[in-house]
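Participant: Okay, handing you the structure first.
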Amino acid sequence: MAPKNFSSCINSIWILLFVFGVASAQLTPDFYDKTCPGAFAAIDKVVRAAIANESRMGASLLRLQFHDCFVDGCDGSVLLDDTPTMKGEKTAAPNNNSLRGFDVIDRIKAEVESLCPGVVSCADIVIITARDSVVALGGPYWTVLLGRRDSLIANFSGANTDIPAPTLNLSGLITSFANKGLSASDLVTLNGAHTVGEARCINYRNRIYNETNIDPSYAAPLRAICPITGGDNNLAPLDTETPAVFDNDIYKDMMMEKGLLHSDQQFYNGGSTDSQVEGYSKNPEAFAADFGNAMIKMGNISPLTGTSGQIRLNCRKVN
Ligand code: HEM
Ligand SMILES: *[C@@H]1O[C@H](CO)[C@@H](O)[C@H](O)[C@H]1NC(C)=O
Ligand SMILES: *[C@@H]1O[C@H](CO)[C@@H](O)[C@H](O)[C@H]1NC(C)=O
Ligand SMILES: *[C@@H]1O[C@H](CO)[C@@H](O)[C@H](O)[C@H]1NC(C)=O
Ligand SMILES: *[C@@H]1O[C@H](CO)[C@@H](O)[C@H](O)[C@H]1NC(C)=O
Ligand SMILES: *[C@@H]1O[C@H](CO)[C@@H](O)[C@H](O)[C@H]1NC(C)=O
């Protein structure tokens with residue numbers, strides 16, 4: 001219907017603005033299909049090379065999505081280096097001497113910039129990289145939603161307060177996820193990411209010396225790796241059997257009191273989430289499908305879209 005006079009013309013413009021505004025604020029799977037179709041293959045190639053070189057890198061890249069999205073939303077803030085005027089998130093307690101994969105993200109960004117300069121955000125690279133890592137480790141594929149833009153700031157104190165600590169009990173973990181719009185069920189599903197990767201002694205020491213809901217035959221050899229004093233950075237696998245394969249073993253571990261972190265064992269400790277753990281331990285397909293959906297849901301936390309933020313040229317600093 002063509003506008004007949006000035007007023008209906010103005011109305012049409014408002015309708016267009018509204019439709020465009022809503023569309024641009026929405027993440028979509030095809031966001032780069034016209035502007036950078038080669039990005040996906042380029043990203044996957046770097047991810048696979050990094051994992052072929054060191055299998056743990058897949059776990060490290062997966063974790064980056066969690067630590068980015070939980071601090072002011074999925075906006076690439078976790079990738080920013082410190083500046084004289086801004087303390088980045090990299091040295092916040094959950095990240096310091098722990099978060100890895102920044103060099104791989106740099107290599108990906110360089111590849112993607114050479115293909116299509118100034119188009120693909122660092123925030124979206126984190127999301128695509130997490131998915132590709134899970135696939136490379138034998139886990140499920142999911143369709144990522146894209147169109148995020150990059151933050152102009154990092155949030156050191158937000159990283160300290162909003163990323164849950166492994167010392168929390170079940171209700172504390174549920175609250176920290178609820179604060180981000182994620183359910184207790186999402187929490188149990190997403191913690192399945194601990195089917196890959198490793199943790200430092202400092203994060204499991206108290207558990208292997210002091211806790212009672214742990215299999216003694218599991219704790220004993222861990223004490224050799226992680227002494228009562230010293231060796232804070234000594235690593236142990238989060239999944240007892242296959243720390244480089246994305247499978248459902250972590251749920252079987254929980255049922256045998258072989259969760260490495262205090263937090264891991266909370267999900268099978270006589271509480272409300274036991275049945276979900278049991279279900280996933282028997283049904284790897286259900287876990288795989290739920291995991292992809294929960295990653296998409298986590299990826300939807302407060303993205304910057306439209307003209308907010310920017311497309312960083314270097315993921316470590318604002319343009
Ligand atoms: C439920 C709350 C969670 C807590 C308390 C937690 C805590 C931790 C801790 C303490 C570590 C070991 C870090 C270190 O010792 O340096 C770790 C590692 C890891 N986390 Fe979580 N995490 C949680 C949820 C998640 C989620 C939702 C994901 C991703 C979807 C994730 C992915 C990983 C991965 C893959 C590793 C291994 C990283 C590597 O080897 O480099 N975690 N987590
Ligand atoms: C390969 O992995 C080792 C650690 O195992 C690391 O020191 C090295 O930088 C990695 N090389 C590349 C190109 O990623
Ligand atoms: C991060 O770790 C380094 C090396 O252990 C330490 O010197 C530094 O104080 C830590 N930073 C913060 C902010 O805790
Ligand atoms: C940093 O994170 C905290 C905790 O979520 C939040 O209250 C605060 O507004 C954030 N600061 C900025 C500048 O985004
Ligand atoms: C969980 O931890 C919180 C804070 O430390 C505490 O107030 C609460 O009583 C604990 N809940 C249970 C069920 O242990
Ligand atoms: C065991 O718990 C006690 C009391 O909380 C604490 O002082 C001690 O440091 C813990 N031991 C280890 C090895 O973490």
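Glycine is no exception: its Cβ is also placed from the backbone N, Cα and C atoms.
Below are the features listed in TrEMBL for this protein:
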- 1-25: signal peptide (SIGNAL)
- 26-319: domain 'Plant heme peroxidase family profile' (DOMAIN)
- CYS36-CYS116: disulfide bond (DISULFID)
- ARG63: site 'Transition state stabilizer' (SITE)
- HIS67: active site, proton acceptor (ACT_SITE)
- ASP68, VAL71, GLY73, ASP75, SER77, GLU89: Ca(2+) 1 binding site (BINDING)
- CYS69-CYS74: disulfide bond (DISULFID)
- CYS122-CYS315: disulfide bond (DISULFID)
- PRO164: substrate binding site (BINDING)
- HIS194: heme b binding site (BINDING)
- THR195, ASP239, THR242, ASP247: Ca(2+) 2 binding site (BINDING)
- CYS201-CYS226: disulfide bond (DISULFID)
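Help me understand the surroundings of these features in the structure.
Facilitator: Taking a C-beta cut-off of under 8 angstroms and a sequence separation of 6 or more, CYS36 (disulfide bond) has the following same-chain neighbours: VAL112, LEU115, CYS116, VAL119, VAL120.
Cβ neighbours within 10 Å of ARG63 (site 'Transition state stabilizer'), excluding its own Cβ and spanning all shown chains: 23.
On its own chain, HIS67 (active site, proton acceptor) has VAL78, GLU89, PRO94, ASN95, LEU99, ALA159, ILE163 as residues at least 6 apart in sequence with a Cβ closer than 8 Å to its own Cβ. When secondary structure is read from DSSP and collapsed to three states, HIS67 (active site, proton acceptor) falls in the helix class.
The Cβ neighbour count for ASP68 (Ca(2+) 1 binding site), using a 10 Å radius over every protein chain in view, is 29.
In sequence order, GLN65, ASP68, ALA123, VAL126, ILE127, ARG148, MET298, GLY299, ASN300, ILE301, SER302, PRO303 constitute the residues six or more apart from CYS74 (disulfide bond) in its chain with CB-CB distances below 8 Å.
Within its own chain, CYS122 (disulfide bond) has GLY76, LEU79, ILE105, LYS109, ASP150, ARG312, CYS315 as residues 6 or more apart in sequence whose C-beta sits under 8 angstroms from its own. DSSP assigns CYS122 (disulfide bond) to a helix in the three-state reduction.
PRO164 (substrate binding site) has a Cβ environment of 21 other Cβ atoms inside 10 Å.
DSSP assigns HIS194 (heme b binding site) to a helix in the three-state reduction. Sequence-distant neighbours of HIS194 (heme b binding site) (same chain, 6+ apart, CB under 8 A from its CB) are LEU238, ASP239, ILE250, LEU260, LEU261, ASP264.
In this structure, ASP239 (Ca(2+) 2 binding site) belongs to neither helix nor strand by DSSP; it is coil. Its own atom aside, the Cβ of ASP239 (Ca(2+) 2 binding site) has 27 Cβ atoms within 10 angstroms in the protein chains shown.
Mapped onto three states, the DSSP output places CYS201 (disulfide bond) in helix. Sequence-distant neighbours of CYS201 (disulfide bond) (same chain, 6+ apart, CB under 8 A from its CB) are ILE225, CYS226, PRO227, GLY231, ASP232, ASN233, ASN234, LEU235, ALA236.
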Participant: On a count of neighbouring CB atoms within 10 A, which of the binding-site residues ASP75, ASP247 is highest?
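Facilitator: Ranked by Cβ atoms within 10 Å, first place goes to ASP75.
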Participant: Given the recorded positions ARG63, GLY73, SER77, PRO164, which one's Cα is the least distant from that of THR195 (Ca(2+) 2 binding site)?
Facilitator: ARG63
Participant: Between THR242 (Ca(2+) 2 binding site) and ARG63 (site 'Transition state stabilizer'), what C-alpha distance do you get in Å?
Facilitator: 17
Participant: Give me the Cα-Cα distance between CYS69 (disulfide bond) and ARG63 (site 'Transition state stabilizer'), rounded to a whole Å.
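Facilitator: ARG63 (site 'Transition state stabilizer') has its Cα 10 Å from the Cα of CYS69 (disulfide bond).
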Participant: I need the CA-to-CA distance for ARG63 (site 'Transition state stabilizer') versus ASP247 (Ca(2+) 2 binding site), whole Å please.
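Facilitator: Given the Cα positions, ARG63 (site 'Transition state stabilizer') is 16 Å from ASP247 (Ca(2+) 2 binding site).
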Participant: Same chain only, sequence gap of 6 or more: which residues have a CB within under 8 Å of the CB of VAL71 (Ca(2+) 1 binding site)?
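Facilitator: Set apart from VAL71 (Ca(2+) 1 binding site) by at least 6 residues yet with Cβ under 8 Å, we have SER77, VAL78, GLU89, ALA154, ASN155, GLY158, ALA159, ASP162, ILE163.
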